Amino acid sequence: MARKKRKTKSAKKKRSLRLSRQNKVILGSLLVLLSIALFFSFISFYFNWQDDQSLLTEFADRNKEARNLLNKFGAAVSHFFMFKGFGLASLVFPVLLCLTGLYMFLGIDLRGLLTKWIWGLVLLIWVSVSLGFLGAQQPLLGGQIGFEMNDFLQDYTGKIGVMLLLLFGLVVILVRLFGFDPQAVGQAFSRLNVPGMSLSGNRKASETGASQPDATEATAAAMDLTAEGEGSQEAEPEPVKPDPYTHKKDIPSLSGDSQPADEDPGQELEIEVAEQEEETDETDLRSSQLVSDFGEFDPTLELSKYKFPHLDLLDTHGASGGITINQEELEENKNKIVDTLRNYKIGIAQIKATIGPTVTLYEIVPEAGIRISRIKNLEDDIALSLAALGIRIIAPIPGKGTIGIEVPNKKPTTVSMRSVIASKKFQNAEMQLPIALGKSISNETFVVDLAKMPHLLMAGATGQGKSVGLNAILTSLLYKRHPAEVKFVLVDPKKVELTLYNKIERHFLAKLPDTEEAIITDNTKVIHTLNSLCIEMDNRYELLKAALVRNIAEYNKKFKARKLNPNEGHRYLPYIVLVIDEFADLIMSAGKEVETPIARLAQLARAIGIHLIIATQRPSVNVITGLIKANFPARIAFRVTSKIDSRTILDTQGADQLIGRGDMLFTQGNDTIRLQCAFVDTPEVAKITEYIGSQRAYPDAHLLPEYVGEDSGTGLDYSIEERDDMFRDAAEVIVTAQQGSASLIQRKLKLGYNRAGRIIDQLEAAGIVGPFEGSKARQVLVPDIAALDQLLNNETN
Ligand SMILES: Nc1ncnc2c1ncn2[C@@H]1O[C@H](COP(=O)(O)OP(=O)(O)OP(=O)(O)O)[C@@H](O)[C@H]1O
């Protein structure tokens, strides 16, 4: 534990030693300017040193002036470096300082500097020792250190020894620093045909009897390969030889058109990667600094005093939570099932009952050799013998190896919302948008995550519990989520079902700017809202892209950790739940204009936290179209009147055998589960919304992006120059399809809603489509592409 702490401490220390980007720029510029100052003072010191030497002792005297370009500072510093130090070689210092400064200033990885400093110092010593030979006559050339080192070496190796040592140093410098290879010199000589300098290759060629010109050609070809794509004969042939020490450098390039070594893209890439790493390091550093200063971003801070609704606002509806078991009824039903089956010569090996709130499930294991389909066919006969509605046979129960017969209880128990909200399962649910739908057949609370669904379709005949179901979903979310975390967009064409939620407008609802009521009851407003949600979706995707994350949960996590800068448009993203209470009404009056944005939202909105809940009492195929169905894998079916309706909702029958009053089938793609929906009455919803609504709220409802509808484009005086770049493509799409709708352009050309709307206006101005006609698509006034071409040509002429 202690070690861990120490580790994190040292890690913190390490991190805090690193310079921030701004500090690097400041320090970098200082170093560059200092190097310039040093350079000029060294140069001018070389010419004025004798005049200035007397001044060095009178440094404090302000009346004395040095001849050095940087006055007394220049004279003193240069005296230290050049006279006392390394002489002319001291010029290496300003060069190295300038390089370091530039690296810092331009944000290049500093690790590359180390080798430059090492070689710089080697050069410094080599030059100053070499010039130390002349120290007696010209003390400034090698400086005192150069002279002394030279003298010291001479004492042991003599003048010649020092010269040889220096010569060796020169070879090392030339080979390692400048990549010099004597072979290249040899090859250059051979190309010039210097007598007596022929290469071994040539010699070999002549030995094997090949003619001289052939051999020269071969060498030239070999050189071409190494000439790194320049292809010219004059190009200096690059030696292809691995480094004898590291075996890394000078690895011959395979392709002829590779870059020269100093423009190696790999190196550039390395620098880029290093820069990126540095950048992310820096943002990490900044964000952890911010987090340690202010703590994580808390989206709930604005309404920090917000109190979640408490359980007492909900009713028990007379249920104690458990189910009263009527043993007699149980026995009776069991016997009846066994008898009926026996009448049809179906023996039963085992029977077991599970009691749920509304139905009891009898699981039977038939004797060996009995066909399942025979039992399935007896559904009506069993129903008759039990004299009960809503018997459903599940043969076999998936994953259990038994056959299930669901028989409604004579006295169904109401599942109160209170009991499901109070359940441990819901209270401890680690979900983004937990919904307590009700209880399963085995009396377990059923909780699902709306964020995982990711959209929900609810259908059922009128009066079977749809509105109660919607309220149960909304209540679940109100009990679990803070106003900052989730926003509802409520569409209520029936105008009465969701009005209660008006009270929580400034807490939980989202609306279009400049609208009074947050709950939408008007169809044109619905279209605007849906399109506005599409814009919000596109905006959110942009934000996610910029933040390099894949979904809203990761995005918000990053935002809370202060890794995303609000100045760059980043913001905490609340989940948005769109609830449409009566979808049939909407799709009948607005058709495609509603269907297209809903399908688009359903297809794409899952990752960015927009979830759709659509309810309808008319589960027919023209309401729940294929396009809608394909995008709503999670479906709830309340009781319907026909098998066909059940198929339309669930793709399977069963919903027609439900008993109503919140009895429902839920599917999330594969299995169908029978549930009893939790019951929450209108007065309870009123109490909850009242409780929330009486608390401090945001100044306004959550505002959705503005949507400029097709109908609002009144200024139709677009000139030809003002037209959108995609105008012609859009015109062709519209004329080919003979359908003047912005959503078509949007889909075919992959444009945003605003842009497609503008193009439609331009098309109207150009006389290609007719005026806006409400929910119907605009009339296309041009019959075919040829006519369109003619129209546009006439325009330009
Ligand atoms: N989960 C439930 N538990 C007990 N009773 C329920 C449940 N759900 C609905 N009911 C009963 O059914 C009645 C009708 O429910 P609800 O208003 O939800 O139906 P609906 O499908 O929305 O009807 P409509 O389509 O006409 O609005 C309720 O008033 C209530 O008495």
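For all residues, glycine too, the Cβ spot is worked out from N, Cα and C.
Unlike curated entries, TrEMBL annotations are predicted automatically.
Under the heading ATP binding site, TrEMBL lists Gly460, Ala461, Thr462, Gly463, Gln464, Gly465, Lys466, Ser467. The 10 Å shell around the Cβ of Gly460 (ATP binding site) contains 30 further Cβ atoms across the protein chains shown.
Look at TrEMBL and you will find 238-251 tagged as compositional bias 'Basic and acidic residues'.
Mean model confidence for the domain 'FtsK' (443-647) is a pLDDT of 89. Annotated domain 'FtsK' per TrEMBL: 443-647, in sequence order.
Summarising the annotation, TrEMBL assigns transmembrane segment to 25-47 (among others).
As annotated by TrEMBL, transmembrane segment applies to 86-106 (among others). Same-chain residues lying 6 or more positions outside the transmembrane segment (86-106) and placing a CB less than 8 Å from one of its CB atoms are 19, 24-25, 27-36, 38-39, 42, 46, 78, 112-113, 116-117, 120-121, 123-128, 131-132, 139-143, 145-146.
For 118-136 (among others), the entry in TrEMBL reads transmembrane segment. Below 8 angstroms of C-beta separation, residues 85-90, 92-93, 95-96, 142-143, 145-151, 153, 159, 162, 166, 169-170, 173, 177 of the same chain, each at least six residues beyond the ends of the transmembrane segment (118-136), sit close to that stretch.
If you look up TrEMBL, you'll see 156-178 (among others) marked as transmembrane segment.
In sequence order, Gln617, Phe638, Arg639, Gly660 are the residues of the same chain, not among Gly460, Ala461, Thr462, Gly463, Gln464, Gly465, Lys466, Ser467, whose CB sits within 8 A of the CB centroid for the ATP site. With a cut-off of 8 Å between Cβ atoms, the residues of this chain six or more beyond the transmembrane segment (25-47) that come close are 19, 67-70, 73-75, 77-79, 81-82, 88, 90-91, 93-98, 100-107, 140. Under the DSSP three-state reduction, Lys466 (ATP binding site) is assigned to helix.
Among the binding-site residues Gly463, Gln464, the residue whose Cβ has the fewest other Cβ atoms within 10 Å is Gly463.
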